[in-house]
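Enquirer: Here you go, one structure.
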Amino acid sequence: MKEWNEYPDGWVWLGQILLVGAGIAAVVLLVRLLWRVATPYLAERPALDRPLGIAGGVVAIIGALLPWVTFVLNDGPYPDKATLQFFDSPWALSGFRLHTLIIGVLAIAVVFLPLPRRRVLRALGWGSIGIALVNILFPIIDGGGFGAITSDGESFAFGGIATLIAAVLLVFAAKAGGVLEPIPHWKSAVPTLVAYAVLVVSFVVLLLVVAMLLNSGGQGGVGNPYAGPIFLSLLAFLAGVLGALHAIGLTTWISALSDKHKWFSVIVLLVVALALPFTEAGTDYWMTTAANIGVYAATAIGLNIVVGLAGLLDLGYVAFLGIGAFVAANFSGAAAAAVGIELPFVVAALIAAVVAGIFGAVVGSPTLRVRGDYLAIVTLAFGEIFKKAAQNNIGGLTGGANAIPNVPPVSAFGQPFDQPLTIGSVELPSGVLYYVLIIVLVALVMVVFANLKNARIGRAWIAIREDEDAARAMGIKTGQAKILAFLIGAMLAGLAGAVFAHKTSTVAYDSFQFIESVTLLAAVILGGMGSIPGAVLGAALLLVLPEKLREFADYRLMLFGLALVLIMRFRPQGLVPDRHRRAELANEGAEGVPIEELNVHDDTPGDSKAVTR
Amino acid sequence: MLTRIVRTKAEKGHHVRNQTVKAAVLVAGALLLAACGTNKTESGSGGGNNNQSCDQSKGTLVIGVIAPQSGGLSALGLGIKNSASLAADQANEKCVVPGYKLQVQTEDDQATAQVGAQAATRLSSNANVVGVVGTLNSSVAQSVQPILKGKNIVQVSPANTNPSLTRGAEYGTAPKRQFETYFRVCATDDLQGPFAAKYLVGKAGKKSIAIITDGKTYGEGLAAEFKKQAEKDGAKIVATAKVGEKDTDFSGVIGTISGSKPDAVYYGGEYPQAGPLSKQLKDAGLDIPVMGGDGIYDGKYIELGGKEGDLATSVGAPTDTLETAKAFVSAYKAKAYKDDFSAYGAFSYDATNAIIGALAKTLSGGDWSDAKRADLIKNVQSYSAEGATGEVKFDEYGDSTNKLLTVYKVSGGKWVADETGTFGG
Amino acid sequence: MATLLQQLINGLVLGGLIALIALGYTMVYGIIQLINFAHGEVFMVGGFASLATYRYFLPPSWRSDWWLALPLMAIGGAVVAVVLAVVMERFAYRPLRNAPRLAPLITALGVSVILKEVVRLGYPGATAPVPFPRAFVDQQYRFEFFDGTVSIGSTAILMIVVSIIGAIVLQTYISRSRMGRAMRATAQDPDTARLMGVNPNRTIVLTFTIGGALAGLAGVLYGIHITNVDTEVGFLYGIFAFTAAVLGGVGSIKGAVIGGFAIGLIKTLSGQYFPGGTQYDLVWIFVLLIVVLVFRPQGLFGEPERVRA
């Protein structure tokens, strides 16, 4: 081992850091300069969008065909035959090279179509920037250095750089003329059958895309060291394509259709979710992960009532999940359970929900007097008190440091839920029953949430969130409403906790740490506060991303933090913002079009945007 | 505000048709080009195969490692990972498993049960995973055990000391094997704790002892077993206290025990807190020895404030008398890993070797298949070899038969073996 | 009696540390209503930076003289902490000035995770606690008091002294100086302050600078007092400090200091005298907090929350 505490190593190290910092700053400044110069130039020349788009498309196609990596990396060959030379096998492109090719072809095609081409080009451009960056950075960092993506003296690989240039051309093409075209509005008054067909097709496509995403790069591990970049690159491609579809108005149309045929969409979505085990993502691993996502999603929806609807910040919410889990574990017949009785799962789950709900009301009671961020610390304190109590085996109910192990799996009709299920000749992976159970639970929780939100109490919560004093003046019993929010939210979390106990088969105090509360809160905010699909999407992202990024084991937590920062930076209103909140929070017009795109451009945040807090 | 590109109707219609056709042809062509074509394969061999002297034609078999790789406990987890890789690399060099290349796949469990369960499921759905080394935390083990058992995958833990993992909740009176797939190479709390008590009360003659724990599974279990034996041997436990899991300022805790004037402290926990605790005890005027389990038997303990005369128990014969242990340490150093092998590195090395050794016996030149898993478990059960921590062998519950323990003492800024023996009941 | 005095001293030392960190929390909250969760990590980074100053930058011959090494370590720690705090403000929080209220909170949590992991991965040996030099400024003083011996270390005295002096200087600066007035004005009403010629961005940067410097200083003091530093301490003391700031009333300098000392004292005294002992000391802190907030929702010295437009 190198002797590291020797003067003057520090200065060398500091110099290196400063050098790297200066390098990054230089690149950033250069990019900004280019942006500053190019944007006004292009804004005055709308006619440039076509040539730039074609050029970008052509360069992207060339980039796809060029080799991307000069040599075989340490961990084995980079995927998709990245080292093959130009035209060694132009017809057998796969993976990210195929995606780049498709983007290039689409870019050229869209230029000649009567579509909002700048919008489409912009989406494709950002998508290919993502693809290029992932597949440039990874070979560099994986021990290849810059030689890996340029030249190692013998062979050349400029595919990545060409694609990056193509991507920049595409983004610039979108800047020509300065203004983006409006998103075309598609008629949503179509025959019901057509609408049904469109919805079924789009949800099935969604299912297949999800399955493809989950399975991209295989299960990873030593057999497939590049599963991480494959996944990220696919994500960038899909984002680009989705953006393009949004640009031509397709996604807005589909969402309008699904709004119109709400019940049909919900049923199709449920069926599609239940069909996931039959796709390529139907493995033990993804079923287990999906069930975990479900537990967190149900809890996040509960938290959404408290934070999203009633506007009460809660930093210790995981405690309710824990209370539910401990209650269920105690009634499960596990050897270490303090309560000797074994109750059927459904009964135990209901008791768990009730107990968690009572605690929710207790925790909520200071809200009668404590407001805002002060409340946040009270909830944080409660979370810590719960953890301490569980760790010290309070009342002999939590097993203390030994936890409550060997909680038996839920079973119904003699079928334990942790075993594989065979229906006829189809064998489904183990964990599939938990998946189904959790899907049902999430659906149930969603129904509860949706009904509450649109009921009198939901409107009361929203009123409290917007202005508590005004709400009180309007005759809303704010204290009752706030405690009710805590109570119902905690009940949902307790219900999820019951599933958690059986599924994880052990309930230990260290499963309910502060970071889990942060993850839950992040799921709610990431998805969009007050929005039901948002909470599910947020929970899914926050659990799937770390699983897909297992290849970066050491860096997992850091990437999690980085993702939080970036998402809040670029989409503070969340991914699927609640419709009512869109206008108030995100500077968006009622149609969901960002105001920024309506050409009210304001480059100096913090100065003059009128925002209601 | 919104600009539109205005065109005459006729012009637009004309263009549209023309361009649509063009674009359609383009797209179709490109998709055709992409879809069909030759399948020329990539030149160049796979990387990483630095040693081609062994036959590795049958592919790769994977040994999974489940341990924390990020967050606060990663020092221990990284040591476990590196030591397992070391064992696999050595086996590859020596062609221990003919026909196969062995590789270690590490999964982060973030020291929590549910992430551990996901890691175990991920490993268990890979048919090439022959066995799993892990976990670090007993609570994670509880969630991993049933998953691996469901797939008949052998698991050898380098660090779980909770006796109930192998012998059930009634481990003292009515032991019952919990999982036939689960083994461990480390000593359980009910061996280490009493052994330490015998030494501290009997040999060192300390009669009023304070017990401090960190509230975690390892420390609590160890301290409970220590307490039972110490009281049986006639010592008085004058004070018990708990430090916060991440606490670093122990002055308050020390204040609570100092009134009862203990002549020794038994600490149930790990070195990152034990070292500073020992120093702060001394600063507060309590210059009494601190004793702990294998969790504090680490060079870092002394760097962090462990003082002369402090004691620790660890499994096996003293490392400096054991050739295998010295070989492990020098091999680990030669690999120049970024992280130290830490408290459980040697155990992890032994655990990995137990799986590899049993695998070699199971296959004996044959091919790996799911059907071999039962044999592999049997062979781990009957495995016996001299490892870096002494004899590696398992009893009918899956516990290590190596009941040899050594007491180490800090002396001259180093851990020095003081007494070796077995705990006789 | 000796035990009581000893625990009082222990509580004051811990309280001084918490107070120093809490000042940063309370100032930032006072001016932009942001719970800067990453502030605890700034403290942690300050500790590591001062250690790095000692290990990697000081010539060996300077290391043994504490009057030379200690100020340089403090400068190293404070400079890095200030740079970090300002960079954080500029790139993570400023773009979110007008975002929904919870967005900067999540960003702060994200930044906190990033900082912890960067140090863990980047600093040699930081996966476990890293020992601090303890050859110098580590003198223990012992004296008899009624029925026993009470001991206090030189670093402990330093901790109490620095935190009190720091708070007094800060209070004077804020109440007397021009920039202090600008800070108070911005905290009260950013728009009017701007009209009055106060540059809000500069004021906010100044707030982060002061907070960062105090956290960096706390990092150094922590390091030489505890004689090690690890990546987890930021979170632990961050929570304590945040609690102290809320207890005292966020936005109030006096409140943060008194809150800090109160929490330090409760932690040590409840561990000694309350049922449950040290395992429940954290619980008592939070129980007190909840009780105080129920009766004084704005904290001990906070101003009642104004209705914001």
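Each residue's number is its place along the chain shown, starting with 1.
Cβ from N, Cα, C; glycine included.
Look at TrEMBL and you will find A:12-31, A:52-71, A:91-113, A:156-173, A:226-251, A:263-279, A:285-310, A:317-339, A:345-365, A:432-452, A:483-501, A:521-545 (among others) tagged as transmembrane segment.
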Enquirer: Between the transmembrane segment (A:285-310) and the transmembrane segment (A:521-545), are there three or more C-beta pairs closer than 8 Å, counting only pairs 6 or more apart along the chain?
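Expert: Counting Cβ pairs under 8 Å, at least 3, so yes.
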Enquirer: How about the transmembrane segment (A:345-365) and the transmembrane segment (A:156-173): at least 3 CB pairs under 8 Å, pairs 6 or more apart in sequence, or not?
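Expert: When sequence-distant Cβ pairs are counted, the transmembrane segment (A:156-173) does not touch the transmembrane segment (A:345-365), since fewer than 3 lie under 8 Å.
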Enquirer: Check the transmembrane segment (A:432-452) against the transmembrane segment (A:91-113) for contact, please; criterion is three or more CB pairs under 8 Å, pairs 6 or more apart in sequence.
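Expert: Output no: the transmembrane segment (A:432-452) is apart from the transmembrane segment (A:91-113).
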Enquirer: Which stretch from A:52-71, A:226-251, A:263-279, A:483-501 shares the most C-beta pairs under 8 Å with the transmembrane segment (A:317-339)?
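Expert: Highest pair count goes to A:483-501.
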Enquirer: Sort out the residues at least 6 away from either end of the transmembrane segment (A:226-251), same chain, that have Cβ-Cβ distances under 8 Å to it, and list them.
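Expert: Same-chain residues near the transmembrane segment (A:226-251) but 6 or more away: 75-76, 78-79, 95-96, 99, 102-103, 106, 110, 115-116, 119-120, 122-131, 133-135, 138, 183-186, 209, 212-213, 216-220, 548-552.
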Enquirer: With the transmembrane segment (A:156-173) as the reference, which stretch in A:52-71, A:91-113, A:263-279, A:521-545 has the largest tally of C-beta pairs below 8 Å?
Expert: A:52-71
Enquirer: Quick test of the contact rule: Cβ under 8 Å, at least six residues beyond the ends. What residues does that give for the transmembrane segment (A:91-113)?
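Expert: Beyond its ends, the transmembrane segment (A:91-113) has Cβ neighbours at 49-50, 53-54, 56-61, 63-65, 68, 79-82, 120-121, 124, 127-128, 131-132, 134-135, 159, 163, 166, 170, 230, 233-234, 237, 240, 244.
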Enquirer: Mind checking which residues reach the transmembrane segment (A:263-279)? Cβ under 8 Å, same chain, six or more beyond either end.
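Expert: That would be 196, 199-200, 203-204, 206-208, 210-211, 286-287, 290, 426, 428-429, 432, 435-436, 439, 443.
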